[in-house]
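Following: one structure in structure tokens, then a few remarks.
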Amino acid sequence: MGDVEKGKKIFVQKCAQCHTVEKGGKHKTGPNLNGIFGRKTGQAPGFTYTDANKNKGIIWGEDTLMEYLENPKKYIPGTKMIFAGIKKKGERADLIAYLKKATNE
């Protein structure tokens with residue numbers, strides 16, 4: 001498991017421009033991520049996803065996020081997420097640790 005505080009810094013630097021995490025947070029360019037763990041791809045209420053995201057059919061969890069965040073366009077070809085990914089596994093683990101905490105509050 002990664003470091004929550006380091007993960008928060010990564011989120012602020014690389015994710016917060018397009019995503020929110022708090023319960024009831026607004027969608028931006030990307031969906032609000034609250035409740036993402038255990039949710040199917042393309043299912044945040046009120047956000048318009050590509051068919052690729054809706055049809056991927058996986059459940060978000062540590063393993064699926066670890067793979068997705070390395071290279072989003074490879075994991076879900078056709079996603080509208082323009083972020084290139086995080087190559088360092090340790091940084092992805094930190095971000096996932098933060099998301100696990102922040103999206104479940």
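Including glycine, each Cβ sits where the backbone N, Cα and C put it.
In Swiss-Prot this protein carries:
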{"type": "MOD_RES", "residues": "Gly2", "note": "N-acetylglycine"}
{"type": "BINDING", "residues": "Cys15, Cys18, His19, Met81", "note": "heme c binding site"}
{"type": "MOD_RES", "residues": "Tyr49", "note": "phosphotyrosine"}
{"type": "MOD_RES", "residues": "Lys56", "note": "N6-succinyllysine"}
{"type": "MOD_RES", "residues": "Lys73", "note": "N6-succinyllysine"}
{"type": "MOD_RES", "residues": "Lys73", "note": "N6-acetyllysine"}
{"type": "MOD_RES", "residues": "Tyr98", "note": "phosphotyrosine"}
{"type": "MOD_RES", "residues": "Lys100", "note": "N6-acetyllysine"}
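Distribution of Swiss-Prot features across the structure.
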residue : record              : DSSP (3 states)
Gly2    : N-acetylglycine     : coil
Cys15   : heme c binding site : coil
Tyr49   : phosphotyrosine     : coil
Lys56   : N6-succinyllysine   : helix
Lys73   : N6-succinyllysine   : helix
Met81   : heme c binding site : coil
Tyr98   : phosphotyrosine     : helix
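Annotation for His19 (heme c binding site): same-chain Cβ neighbours under 8 Å, separated by at least 6 residues, are Phe11, Lys28, Gly30, Pro31, Asn32, Leu33. Counting only residues at least six positions away in the same chain, the Cβ atoms of Gly2, Val4, Glu5, Lys6, Gly7, Lys8, Ile10, Phe11 sit under 8 Å from the Cβ of Tyr98 (phosphotyrosine). Note on proximity: among Tyr49, Lys56, Lys100, the modified residues of the record, the Cα nearest Met81 (heme c binding site) is that of Tyr49.
Binding residues for heme c (Cys15, Cys18, His19, Met81) extend across at most 11 Å, taking the greatest CA-CA distance. Around the Cβ of Lys56 (N6-succinyllysine), the number of neighbouring Cβ atoms within 10 Å comes to 19.
Rounded to a whole value, the Cα-Cα separation of Cys15 (heme c binding site) and Lys100 (N6-acetyllysine) is 14 Å. Taking the Cα atom of each, Tyr49 (phosphotyrosine) and Cys18 (heme c binding site) are about 14 angstrom apart. Other C-beta atoms found within 10 angstroms of the C-beta of Lys73 (N6-succinyllysine) number 16, with every protein chain shown included.
Ranking the binding-site residues Cys18, Met81 by the number of CB atoms within 10 A of their own CB puts Met81 at the top. You'll find the Cα of Cys18 (heme c binding site) roughly 16 Å from the Cα of Lys73 (N6-succinyllysine). When the Cα atoms are compared, Lys100 (N6-acetyllysine) and Lys56 (N6-succinyllysine) turn out to be 21 Å apart.
Within 10 Å of the Cβ of Cys15 (heme c binding site) there are 20 other Cβ atoms, across all protein chains.
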